[in-house]
Amino acid sequence: MALAHNLGFPRIGRDRELKKAQEAFWKGELDEAGLRKVGRDLRAAHWQAQKDAGIELLPVGDFAWYDQVLTHSLTFGVIPERFRGHDGAKPTLQTLFAMARGVATGRSANCCGGAHAQEMTKWFDTNYHYLVPEFTVDQQFALSWEQLFEEVDEAKALGHAAKPVVIGPLTYLWLGKAKGGDFDKLELLDRLLPVYDEILNRLAGQGVEWVQIDEPILVLDLPQEWKNAYERVYNILQRAPLKKLVATYFGGLEENLGLAANLPVDGLHIDLVRAPEQYPTILDRLPAYKILSLGLVNGRNVWACDLEKAVDVLRHAAERLGDRLWVAPSCSLLHSPVDLGREDQLDTELKSWLAFAVQKCQEVAVLAKAVNQPDAAEVAAALARSRAIQAGRASSPRIHKPAVQARVHAIKPGDSQRQSAFGQRIAKQRAGLNLPAYPTTTIGSFPQTPAIRLARQAFKQGKLTEADYVEAMHSEIRHAVQIQENLGLDVLVHGEAERNDMVEYFAEQLDGYVFTRFGWVQSYGSRCVKPAVIYGDLSRPEAMTVAWIRYAQGLTRKVMKGMLTGPVTMLMWSFPREDVSRETQARQLALAIRDEVLDLEAADIKIVQIDEAAFREGLPLRRSAWPAYLEWATEAFRLCASGVRDETQIHTHMCYSEFNDVIESIAAMDADVITIETSRSDMELLEAFEKFDYPNEIGPGVYDIHSPRVPSREEMVKLLRKAALRIPAERLWVNPDCGLKTRAWPETEAALVNMVAAARELRATA
């Protein structure tokens, strides 16, 4: 008999109830009892939804008030000194939210005064962010937070078969950072393990039969000493009197396969969506007593599973494993929207191609039933439906566009190369643009005021005519251009008032994208995103930005930048297709953006910026796979940027803080100017560009837009002088480190006044 289980369920709620409750609590509009009730109701609803879908063993402990790693930090007592209560008091929900969000100076809280939040970073290669644990050399661990045990009691009281979910000790340590000294995090292991042992024994005392221990770092390139630690850790943890399932996901085990298969635990979960090739080897290597959980339903995307293909694997596995076979999604469904049933405006055909978390649980249950009751009418009907969906998608003219495919096949190497080398281009650009030394510009967006958002909303709802909406946006553009001229900026932007989001704005205008109404997923805390879905071949029916930029250019004699989002970022921040490669989708996007770049050039726009905020995010988890990704990602950028004349200057913007290991690929993009985020690192990031001898022009961000603080002219002069020690002055631009969309106008203007003054001071002393 195959058993249907789940690794984790989205916590936000069908209508983002958790987000709304969190934000009401932070504003003081909801008390703690009210917040806790929302959490309790959501957990009960989610467990019931999974049970109704046919899941037999339910994940418990996957709920978090902000982030699951942060929950573990509280559980283990890993609470930085700045958040600790008086006299060793137990942490509270206020402590948890303070660690996540920081505490403003002067605000009284029962745990801390002014304290900056913990660092946040990407959860492996997903678009979810976790709060990075902070470890000190003398770090002590102690069970300090009862949430897991309370939730197990809740689930059992509701009559559910509960499988608690905990992050494994080695993955938890790997995810954290050593603070205040150079020490090896592995040295903390012996202090941490007794807490795990205590947790497992308490769960056993609650009547728990199985616990899921997540060890996703087993799909990474691990140092030998971390590999060596695994067997020792699980030899210690096996003493606890309950069964343990080690869960791996987001990739294949590769050289860690033997290690994972032979850990002294009762079961192993593997991801067969990301790494189907590991299936035969794991089947041969798994000890005869051990459960094998096969992740066959994609937990990270929105497409309906090809049930027939999955059933073939399962029936083969059942012959070998018998009752030792479990079925699950590939990973936690945290990364999937909640319930496709909420979507009331998708057309029937397209909706039939999709599956959200509830539907993925139903798919898992049907797969288990296909093994256990192969002749059941329900199984036959589900397989027939799945076959029809797969056949329909394979031949649908909505998906497959011969003209787009022909254009991709016709791409020649020369299409992704500029006409001349940078040295020749820049000479022509300088002559044509006639900019001063240390030219000043901004990254693209200006403050999105309530008036802008209201106008956009009214237009979408049909309450504002198109003519009135265009005039409202023109008014905002006039305002932005006037302010920039008054400030004395050299290269202007139109301010992006008409754009809701840097991906959504373009996706709405491209064929091959569709939008859901309720396809929300958690990014972090209360922040939810609703990625667009790429369902078919991508193309641009008509110009997307030209009218706005042309209008802005008509208001000034200064140079106006065109502003676009690059192909890699468009892809990374969407739910991609599964029937063609990411490389193919990136090329289709690149061709669509290339058309827009050429239209901007034809409209006499002399500078076009193509943002690639997510370029680094696309890097695979294993370094061996980096070269292939970097090759197609840089080629996609060059393809969208290389159709223009030498005289047209291409800019790109990247907002992250690690360039050393991808600097060659950034150079290979061959943008004439790259603007980057460097202010918080005090220009140290430029070391990578200096060492590599980066040949093109650079705009290192001279102030941090994420802070409302207005930096002084002197600070920016100092940063620019530092930059000029690493990068020749004639190749330096002066700009903030990111777009100004989230800031208010007064602080924006004040900061830009000082930035322009700093550039002028440097020109005067050059």
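Glycine is treated like the rest: Cβ placed from N, Cα and C.
Annotated in Swiss-Prot:
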{"type": "ACT_SITE", "residues": "H706", "note": "active site, proton donor"}
{"type": "BINDING", "residues": "R16, E17, L18, K19, K122, R527, C528, W573, E617", "note": "5-methyltetrahydropteroyltri-L-glutamate binding site"}
{"type": "BINDING", "residues": "I443, G444, S445, E496, D611", "note": "L-homocysteine binding site"}
{"type": "BINDING", "residues": "I443, G444, S445, E496, D611", "note": "L-methionine binding site"}
{"type": "BINDING", "residues": "H653, C655, E677, C738", "note": "Zn(2+) binding site"}
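Projection of Swiss-Prot feature records onto the structure.
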residue : record                                                : Cβ within 10 Å
R16     : 5-methyltetrahydropteroyltri-L-glutamate binding site : 18
L18     : 5-methyltetrahydropteroyltri-L-glutamate binding site : 24
K122    : 5-methyltetrahydropteroyltri-L-glutamate binding site : 14
S445    : L-homocysteine binding site                           : 22
E496    : L-homocysteine binding site                           : 25
C528    : 5-methyltetrahydropteroyltri-L-glutamate binding site : 18
E617    : 5-methyltetrahydropteroyltri-L-glutamate binding site : 16
H653    : Zn(2+) binding site                                   : 27
C655    : Zn(2+) binding site                                   : 19
C738    : Zn(2+) binding site                                   : 25
Recorded positions near G444 (L-homocysteine binding site), in sequence order, restricted to K122, H706, C738 and a 10 Å Cα cut-off: C738
D611 (L-homocysteine binding site): nearby recorded positions from R16, L18, E617, C655, H706, Cα cut-off 10 Å: C655
Rounded Cα separation (Å) that holds between H706 (active site, proton donor) and K122 (5-methyltetrahydropteroyltri-L-glutamate binding site): 18
For G444 (L-homocysteine binding site), the number of other Cβ atoms found within 10 Å of its own Cβ: 26
Shortest C-alpha distance to C738 (Zn(2+) binding site) - which of the binding-site residues R16, I443, E496, C528: I443
Nearest recorded site to K122 (5-methyltetrahydropteroyltri-L-glutamate binding site) by CA-CA distance, among binding-site residues S445, H653, C655: C655
For E677 (Zn(2+) binding site): DSSP state (helix, strand, coil): coil
Number of Cβ atoms other than its own within 10 Å, given for H706 (active site, proton donor): 14
Rounded to the nearest Å - Cα separation of I443 (L-homocysteine binding site) and C655 (Zn(2+) binding site): 10
Conformational class of C655 (Zn(2+) binding site) under the three-state DSSP mapping: coil
Cβ-centroid neighbourhood (8 Å) of the L-methionine site, I443, G444, S445, E496, D611 excluded: T442, V493, M502, M563, Q609, H653, G739, K741
Nearest of the binding-site residues (S445, E496, H653, C655, E677) to E617 (5-methyltetrahydropteroyltri-L-glutamate binding site) - Cα to Cα: C655
DSSP state at E617 (5-methyltetrahydropteroyltri-L-glutamate binding site), helix/strand/coil: helix
